[in-house]
Amino acid sequence: GLPNIYSFGPRAQKQCKWGPKERRLGDWSFGYRGRGSPLPESLHTPVPQSSLHPPPLPPHLAGDRAMAAAAPPPAAALEQLSKTKMFGGHNLRFRHQSAALGCPMTFSLFLPASPASKLPVLYWLSGLTCTDENFIIKSGAQRAAAAHGVALVAPDTSPRGLNVEGEADSWDFGVGAGFYLNATNEKWKNWRMYDYVVKELPKVLTDNFEQLNTSCASIFGHSMGGHGALTIYLKNTDKYKSVSAFAPIANPINCPWGQKAFSNYLGTTKSEWEEYDATLLVKKCNTLSTPILVDQGEDDKFLAEQLLAGNLEEACKAAGAPLTLRMQPGYDHSFFFIATFIDDHIAHHAQFLKSG
């Protein structure tokens with residue numbers, strides 16, 4: 001792989017500044033918006049003038065250099081940012097240029113040790129303010145993934161670095177809050193996380209990792225990511241073997257987070273909102289046979305106003321859709337909650353990924 005030149009060591013972390021709009025959601029996570037402090041003076045090494053003007057190439061090579069300089073790198077070319085060993089496998093992090101989003105994107109990948117056959121893929125979608133790293137660092141999912149022989153893929157939660165006016169004004173919209181939809185408002189035209197997760201990222205994985213069987217995939221997520229996992233699955237039951245969620249935003253058209261996101265990304269046409277609401281989509285799915293697993297903490301401070309798990313439960317009953325909703329006493333919205341039940345979710349997906 002490429003050298004790990006972009007991972008953040010302790011010194012770099014101390015030098016890193018969090019943007020003024022970063023806040024915490026309870027005790028669970030905060031997002032990094034890519035703002036960093038200047039390099040210390042000791043790292044500003046003068047460049048020798050001689051290196052700025054290298055000698056000319058011989059005539060027979062000059063044309064090759066011109067052609068190489070003119071050719072842009074392929075869109076799916078991956079830049080490896082880090083690699084760490086864990087439970088016999090490896091956590092890997094990559095950056096690539098996204099055609100769907102029009103900006104560089106990062107994703108994290110856990111590959112179990114040397115598989116005898118191609119690995120099925122389990123996509124994780126994170127919640128508000130997160131990056132691709134929160135789940136990989138905090139959930140402890142790698143132990144179960146290694147045991148079951150399942151690869152984990154965690155994309156970022158939105159485009160970054162586009163400098164759209166208002167993109168970082170609040171933690172629940174814009175950067176770190178892509179809501180896994182395709183925006184139709186021109187201002188937010190790059191916010192096409194649905195296409196990125198469903199179409200572009202699987203192709204990037206297929207093109208670059210021969211050990212992955214991307215046609216055998218499942219999906220799960222937390223909060224905003226739980227909303228994304230449920231809606232993507234319900235719209236693409238032919239692409240995913242199973243779905244589960246932790247504390248999902250289950251009925252976004254009826255909660256403040258969803259209303260804020262949908263009105264800005266999608267405008268005022270409510271029929272477009274309905275295409276990204278799991279409670280409404282499940283009513284259209286009359287042939288669901290694979291059970292949907294949802295864990296919800298009873299002490300989650302967002303449950304009553306934002307998450308609305310009961311609305312999803314009622315919709316599933318009305319549609320005859322198999323739902324296992326587990327209300328967990330004493331648990332909140334944090335990664336402590338996720339880490340407690342993550343093994344159950346990976347086992348849930350493994351049974352369908354291995355049977356498929």
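The backbone N, Cα and C atoms fix where each Cβ goes, glycine too.
Curation does not apply to TrEMBL; its annotations are automatic.
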>> Quick check on the annotations: TrEMBL lists region 'Disordered' for one of 39-58, 79-98. Which range is it?
In response: 39-58
> Judged by the number of other CB atoms within 10 angstroms, which among S223, D300, H333 is the least packed of the active-site residues?
Replying inline: D300
> Roughly how many Å separate the Cα of H333 (active site, charge relay system) from that of S223 (active site, charge relay system), to the nearest whole number?
Replying inline: 8
> Three states by DSSP: which one describes D300 (active site, charge relay system)?
Replying inline: coil
> D300 (active site, charge relay system) to S223 (active site, charge relay system): how many Å between their Cα atoms?
Replying inline: 11
